[in-house]
Amino acid sequence: MKLINAYTDGSCLGNPGPGGWAVLLRYKNNEKELVGGELDTTNNRMELMAAIMALERLSEPCQIKLHTDSQYVRQGITEWMSGWVRRGWKTAAGDPVKNRDLWERLCAATQRHMIEWCWVKAHNGDSDNERVDVLARGQAMAQRSTVASR
């Protein structure tokens with residue numbers, strides 16, 4: 001099973017507003033960057049999209065170290081998800097889970113991989129985290145430019 005390092009980040013200008021996500025996939029000496037964005041979104045949706053795209057892009061089952069600066073993503077998938085599912089996609093307070101569509105997609109994307117979810121402190125000198133931060137912010141700015149030119 002291939003060992004992949006994945007670095008993910010999401011960015012949103014305004015929250016809600018234009019947003020972007022970015023992924024850096026690394027296998028041995030090979031790297032692949034993935035980016036995308038949406039016109040009207042939130043930072044949490046972009047963080048989720050980055051993780052989803054990292055996992056969905058891999059064509060075979062892999063062992064993955066997924067690095068994210070989002071506690072929302074890391075805690076959601078490792079701590080909260082099982083309770084949400086058990087409660088019919090309700091939080092402990094009984095409210096509907098926000099971003100359920102993306103959480104379900106992320107859950108499905110995890111099924112064929114062995115994943116270690118690693119939290120990285122944002123803006124703290126991790127060069128790969130900084131790299132995806134710049135890419136995600138660039139995608140958010142590109143989305144904002146698209147809105148401004150309409």
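Any Cβ shown, glycine's included, is placed from N, Cα and C.
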- Task: Taking Swiss-Prot at its word that Asp9, Glu47 bind Mg(2+) 1, choose the one of Asp69, Asp95 listed for that site.
- Result: Asp69
- Message: Can you tell me the CA-to-CA distance separating Asp9 (Mg(2+) 1 binding site) and Asp133 (Mg(2+) 2 binding site), as a whole number of Å?
- Response: 6
- What average pLDDT is reported by the model for the domain 'RNase H type-1' (1-141)? 97
- Message: Please list the DSSP helix, strand and coil residue counts for the domain 'RNase H type-1' (1-141).
- Response: 57 helix, 49 strand, 35 coil
